[in-house]
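Before any comments, here is the structure.
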Amino acid sequence: MGIDGETVVLKNMLIGVNLILLGSMLKPSECRLEVTTERAQRQTVEEEGGASSYNTSSKEQPMVFNHVYNINVPLESLCSSGLEASAEQDMSAEDDTLAEYIGQTSDHESQVTFTHKINLPKKACPCASSSQVLQELLSRIEMLEREVSLLRDQCNTNCCQESAATGQLDYVPHCSGHGNFSFESCGCICNEGWFGKNCSEPYCPLGCSSRGVCVDGQCICDSEYSGDDCSELRCPTDCSSRGLCVDGECVCEEPYTGEDCRELRCPGDCSGKGQCANGTCLCQEGYAGEDCSQRRCLNACSGRGHCQEGLCICEEGYQGPDCSAVAPPEDLRVAGISDRSIELEWDGPMAVTEYVISYQPTALGGLQLQQRVPGDWSGVTIMELEPGLTYNISVYAVISNILSLPITAKVATHLSTPQGLQFKTITETTVEVQWEPFSFSFDGWEISFIPKNNEGGVIAQLPSDVTSFNQTGLKPGEEYIVNVVALKEQARSPPTSASVSTVIDGPTQILVRDVSDTVAFVEWTPPRAKVDFILLKYGLVGGEGGKTTFRLQPPLSQYSVQALRPGSRYEVSISAVRGTNESEASSTQFTTEIDAPKNLRVGSRTATSLDLEWDNSEAEAQEYKVVYSTLAGEQYHEVLVPKGIGPTTKTTLTDLVPGTEYGVGISAVMNSKQSIPATMNARTELDSPRDLMVTASSETSISLIWTKASGPIDHYRITFTPSSGISSEVTVPRDRTSYTLTDLEPGAEYIISITAERGRQQSLESTVDAFTGFRPISHLHFSHVTSSSVNITWSDPSPPADRLILNYSPRDKEEDMLEVLLDATKRHAVLMGLQPATEYIVNLVAVHGTVTSEPIVGSITTGIDPPKNITISNVTKDSLTVSWSSPVAPFDYYRVSYRPTQVGRLDSSVVPNTVTEFAITRLYPATEYEISLNSVRGREESERICTLVHTAMDSPMDLIATNITPTEALLQWKAPMGEVENYVIVLTHFAIAGETILVDGVSEEFQLVDLLPSTHYTVTMYATSGPLMSGTIATNFSTLLDPPDNLTASEVTRQSALISWQPPRAAIENYVLTYKSTDGSRKELIVDAEDTWIRLEGLSENTDYTVLLQAAQEATRSSLTSTVFTTGGRVFSHPQDCAQHLMNGDTLSGVYTIFLNGELSHKLQVYCDMTTDGGGWIVFQRRQNGQTDFFRKWADYRVGFGNLEDEFWLGLDNIHRITAQGRYELRVDMRDGQEAVFAYYDKFAVEDSRSLYKIRIGSYNGTAGDSLSYHQGRPFSTEDRDNDVAVTNCAMSYKGAWWYKNCHRTNLNGKYGESRHSQGINWYHWKGHEFSIPFVEMKMRPYIHRLTAGRKRRALKF
């Protein structure tokens, strides 16, 4: 800023100071100074008249401040002045009444122009020119102008020459009067507290006292402070312009008061008998007037009386200090009491409009009810009370809807007579009684059983929660009178009675003893009751043959049951009968003994055996036990004999002692039980003498020898009969074993027999033929002639020879004769080592001592010899070659015969005698053949020589591999014709040693498993049968490339899924993954071989996807493996409740659409609570602000009303349809500010409209208390459909709709915010009947949701 700028500033400051001084000298009553400031921007200020203009060369437009100073004189002196003249007005115009002085200063650097205009009145009135003050002011202004002019001249001579100014300039103080000007520096040296080039900028005083901010030297104070230096406290709202602020406190003007002077002061400060409220007195009771100085009656006697010296004289029917209370009735008395009603009477004034009778049980939780009667009544009967309860009864008088104080009484109803007495079960000694429970509280029950004859009886007392009782210890068949009485304190209800007769008892302790095969003895204990007869029934278990029944007289306690079937299971039952009543039967089972076999007999006998036979038992015996021993009983023997087919069974006892008597016992055996034995004695035959032989004979005698009989005998009896027929006998002592018969006929043939005898018992005979005199061997017999042997037999000589000599030799070769010495007892001989096809001469002589008989001569020709050294060669599956050596004897040809050893025909072929081998063809493979060979000459055939041979096995055929997979292949082949025991399969791959597999011979296929994927295999195979092995067949195959395994979709969201798998065993190049959706979209991806998972992104929501994956190796691809998943976790496509929405992933509470029973045609919008106790709740009622009217008619409650996002009722029809889907649970949430409780019921259902939407709830849990169970099973009621059991219409009385009873303990559809008794939203066990709950939500959820959501059933946490 140049010197001109400083001058301008100084000038402005001087002018301002002088004007302030001028204002201070003028008194308020004389003159007034008005200052107006105008701010404008302009490019130039033109000079007009005597005004000067300053042309700025700044690039920016200057800022112009116009200051107008109006100096006014008092109105009383008729001084006037023109105000706020514009600096742009034409200053040359004549104005005789106004003297103006205009000055203008400009600052080049800041481009700020100050214009000052001072208006002084001149001719308005005589005071304008004569005022001494004004003259002094004008003089000071002129002096200031001169000082400014002088200062400018001084600056123009040195450093301030660049500054130029035009116009009317006056004196401006040096450095704004706040410093000294230095010509050396051509600048100001400011005093303390000032700064700037001309010292015009002040520092803020005291730094604003740290209570404000300094801006351009001025303090901008904090809100609590004021003053130049912010050191003064500010008064509240600046005392509302109605007082002075002194040290931050207001000193208020009249008639104001208060810390900010905003309140009006009350007259006389309400005389100390009231409170001041904004200038108005609120008087205390008993005082009135503007300043509460006047006494008055309370509430002006409420208009129901007149005031007299501050006291109210009330009209009839009213009372109280202000006559506001209605006088209560008097002399309340009880005229009658029953179990359900109380009759009351009272006295009251005639002015009463009506009476209100309030009654409530004294027990905790009792519901308070009311009844209204006209004012001219003096009594009432309260109905539908609960029996056995004590009631607090209050009677109010009502005049003009005002209730009096009550007159009260405490009255107890009588106990009700128990109802529904019935007998549940009746036995001989017990009776179970059942009756209906009471719905009210009482102490207990008393039940008595009194016999009809009044002899004795039983009395029992039971708890009140018991409604059934089982009385034991009664007499059977007795009639009892049963009484049930309710007890409470000292009171007893009238009894309910019924008669009952116990069942007659039957016989007990039934016992069956002395059971045989056909008889059983039954015993029992007789019944205690008097009966007409005893009924005994018995029959086979299972009902076969029906039952046999006997009627027995009561004294009997035993009976013999006969004609039973042996070995059978019987059931016997015994009961008692009186009139038409039959007791419960006592029964038991028993099994008859097995009957012994009958008619035991001996069929035939020998010396060592007995043939036994007997008739079978009637019982179904499986076998018979035969026990036998000699009568001496030295040793017993047992034999089990199966039951024979037919009526009898036979067995043979062997290895017995001859001639011995045996004791035999036979028992029938059935199911490890046996009958008593049937016994008999039987004797074996005597043992016969054996080996009876003739040792010598003469013309008249025959000597005999025999083997001694083994059993005990008395003697032997020898009978000998000649051919003439006259027999003779002789007795021989038992110790003899030889005897000679004498005096026989010479030359006669005798038949000799010998027997052993013991008493009258005789053994079988042994017989021999003998001759007296000499009988030579007559001829030789030849048999079994072969090529090298012959069998020779002959007859006995007589007398017997000492030895025999047999000679034989080929005919014409007597020199080769051979001799054979034979024992005299021999009757045959076999000659061996003979030559084939040779005639032999055979002679036999008997030697008797020294005498040799004439030889007996015979001849025999041996047969031709067979071929020798048979061998088999060149064996194939259907042919072989037979070789042999030629026989010695001449022959015509060979006969070769062959056939399978098992089954098959015999085939023969003739081979010339010159051939020694033969090829047999057309044989069966792997078959054992018997091959025989003999030589034939004429009709004579040699012996056959045989051998066995197996043909070779034929190979299985057409071996192929089918059904090839990565790890399996099915081998199939055609079986060979021959029998196969096993197949041998050898499986090889690459250079690995083969794996040998043995397969059963009946199979024609085999499943190869556990193969390596993508591997080339070679299979060789042959068949075996015993030692035989077929030829080998082979095939090749390659397993397929195995697919990836265990393809799984996890981490499925609404738009992505993680696909993972296990790699295949084979080496691969990559994977080909394809996924497609149900809408037809399809995408294929190539995945690296080392990857085992991929995340699919950008999927569609709520869409079913199929993922296909296969491995690839060059051009080969594996089979597909697949999996499916559904995005969005949509478990239920059409959720039928909020729980299913929650399981679908919908976790935000709000409005959702459900589909009843999952059907698209039955959709319903509901509000879902997804957070409370696990979420999934359907909210069907909400009360929260009272914006929705719940006092509605039946039709509204059926269909529902309100806003699901605010207050609403879902509708009874909808609630019924939802709960009909399954079992639901109920939760009621209630809040009062920060206090929250809930009630939970594990079952909830609302029936249909035909049942009037009855409510059904289950067991309670929670923190609110159980108030809803009182309404269990109640139909719904509205103002136009009264379905409760109360005298009044509960819905109408309590302005709601609910499942009322008589009337309610919860009224969640009541009037919002209404705290009158029972009128609001009540839950009795939480807030009682006189509090309206601000927030209520009723909600339901499927009971099974806790399980299906994967959570264990847990106890509710409070």
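The backbone N, Cα and C atoms fix where each Cβ goes, and this holds for glycine too.
In Swiss-Prot, the feature coiled coil is placed on 127-157, out of the ranges 65-95, 127-157, 840-870.
Checking N278, N963 against Swiss-Prot for the annotation N-linked glycosylation site singles out N278. Here C297 is paired by Swiss-Prot through a disulfide bond, and of C292, C307 its partner is C307. The disulfide partner of C314, as annotated in Swiss-Prot and taken from the candidates C301, C323, is C323. When N791, N807 are compared in Swiss-Prot, the N-linked glycosylation site annotation sits on N791. DSSP assigns N198 (N-linked glycosylation site) to coil, not to a helix or a strand. Rounded to a whole number, the C-alpha distance linking N874 (N-linked glycosylation site) with S176 (O-linked glycosylation site) is 154 angstrom. Distance noted between the C-alpha atoms of N581 (N-linked glycosylation site) and S176 (O-linked glycosylation site) is 141 Å. By neighbour count, meaning other C-beta atoms within 10 Å, the densest spot among the glycosylation sites S176, N180, N1036, N1046 is S176.
Taking Cα separation as the measure, N1036 (N-linked glycosylation site) is nearest to N869 of the glycosylation sites N180, N278, N869, N1261. Within the model, the domain 'Fibronectin type-III 7' (866-955) carries an average pLDDT of 90.
Separation of the C-alpha atoms of S176 (O-linked glycosylation site) and N198 (N-linked glycosylation site): 6 Å, rounded to the nearest whole number. Rounded to a whole number, the C-alpha distance linking N392 (N-linked glycosylation site) with N278 (N-linked glycosylation site) is 48 angstrom.
Classification of N1036 (N-linked glycosylation site) by DSSP places it within a strand. Cβ neighbour density within 10 Å is lowest for N874 among the glycosylation sites N198, S271, N874.
Secondary structure of the domain 'EGF-like 2' (219-230), assigned with DSSP and counted as helix (H, G, I), strand (E, B) and coil, comes to 0 helix, 5 strand, 7 coil. Residue counts for the domain 'Fibronectin type-III 7' (866-955) under DSSP (helix as H, G, I; strand as E, B; rest coil) come to 0 helix, 48 strand, 42 coil.
Here the candidates are the glycosylation sites N198, S271, N869, N1261, and by Cα distance the one nearest N1046 (N-linked glycosylation site) turns out to be N1261.
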